[in-house]
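Novice: From TrEMBL, here are the annotated features:
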- A:44: pyruvate binding site (BINDING)
- A:131: active site, proton donor/acceptor (ACT_SITE)
- A:159: active site, schiff-base intermediate with substrate (ACT_SITE)
């Protein structure tokens, strides 16, 4: 399960409530495209904006619609006891794995972050992915912290926040992390703009924002990179430079939602307030890129 | 209501659940001490770690135990619709005002922050305090944003995150903000270490962490400063320098919880996990300061 492309679908909202039917359709598209796994309720899936019941329903819908494709479910929350309940819910819904970011309100010390993973893995039956997402959690993982957490039971993968953009430096970085982890723990790259570089540098999989909405595109990069054709993977990623630029400018979730809205995959105004979609100028730029780069899948 | 000392009580936990009885006792102490208002479910009250039902119960307990002292209730949450429900709950519980921080998971643009306050104030019946707390929300308010939000209906006060530590610079800063606000909107200082300076610089009130646990101490500073005795207010604040140093080192919530635990006001291990109390070394330092500075109220 922890190889290839893990696709992060949007959780679409319609009139401020979760649109389960559209969600099931998004999951179906990912299955048809042939992604290796689906991560439901990642940051792109707005997990932190959903209440427990909504998260339970979305997890169940993902598993139901995913068929044989393994589904990982995000279980992050501010309080440990909430995370533990969400882990139970995810497992009951049939999740093949759970993924946990140390979400913060009060800043956490490294010992507190470790304690969270220790408390949660203690009662788990499925593998856990460590979700290192400093842009949203404001937690900085050190390699020491990776090592301590990776030694806990059930920890199966670390989603790292990116790699240096240059191939040699990226390979060094992945090797440095790999040296700290048990052989059973995979490394997944995130930060779509450096995914081709990360896979070329030895990451096992790509935890992908754009793969949740344009799976064929992301699979092209993934398959080329994992087959060792770094030239093709890098060329395709470089073709998408205008997209990565929009990601940096507006945040990947707003741009991905705008693409999905432009393609008619989700209803307009599909993000949970207070997060809003792009303004008309931003949307026009997205539409232009969708057409110029011929996104359609 | 928006003058003097607004005390932020801890919300104590016992065995991972909210300890309402102890909470009611904390509120009673604040009333006896004579604080001007109580802010229930501020950051010090761990509001973001409580679920809706717990927040409803704590808000009700605060109002019930506060007698004639006005109670403001924190309504921050990640999703606008959740904030709106919490605002209804707080008003039904009898809150005299609500206080709202723009809590983030996805980073918010200034327009999105404004949109949150616009959506929430539209359906409000009580005054609202703008809770500017960059350390926990990671939102930076510009003076332009203060001005836009302060012009919304029901906005009655802004809790600013601090003032420069030097008197003249602090007075300049408060004047600059004041010039942007309607006359009806008060300015409250926070950041306990600079509270005496802030009140001396023209702030109307102190939104106080330590005042929720050591109200007599905080009232001493507040009364001196608002009576124009800046020498006495500053001297008392300077006497507390070892305390402010601990606040900086460990975070004010951990230190305040350790003080309350040391004084027997709350049970041991009173913070919601994953946040943990100080280790034994930190506790020993807190105990030493409690004794040396003769905290007892």
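Yeah, the Cβs are placed from backbone N, Cα and C, and that goes for glycine too.
Those TrEMBL annotations? Automatic predictions, nothing curated.
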Novice: Rounded to the nearest angstrom, how far is the Cα of residue A:131 (active site, proton donor/acceptor) from the Cα of the residue listed as 'pyruvate binding site'?
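Specialist: Each residue's Cα considered, the residue listed as 'pyruvate binding site' and residue A:131 (active site, proton donor/acceptor) end up 13 Å apart.
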Novice: Provide the number of Cβ atoms within 10 Å of the Cβ of the residue listed as 'active site, proton donor/acceptor', excluding the reference atom itself.
Specialist: 28
Novice: I'm trying to understand the geometry here, so how far is the Cα atom of the residue listed as 'active site, schiff-base intermediate with substrate' from the Cα atom of residue A:131 (active site, proton donor/acceptor), in Å to the nearest whole number?
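Specialist: The residue listed as 'active site, schiff-base intermediate with substrate' and residue A:131 (active site, proton donor/acceptor) have their Cα atoms 5 Å apart.
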Novice: Where does residue A:131 (active site, proton donor/acceptor) sit by DSSP, helix, strand or coil?
Specialist: strand
Novice: Within 10 Å of the Cβ of the residue listed as 'active site, schiff-base intermediate with substrate', how many other Cβ atoms can be counted across all chains shown?
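Specialist: So the number of other Cβ atoms within 10 Å of the residue listed as 'active site, schiff-base intermediate with substrate' is 26.
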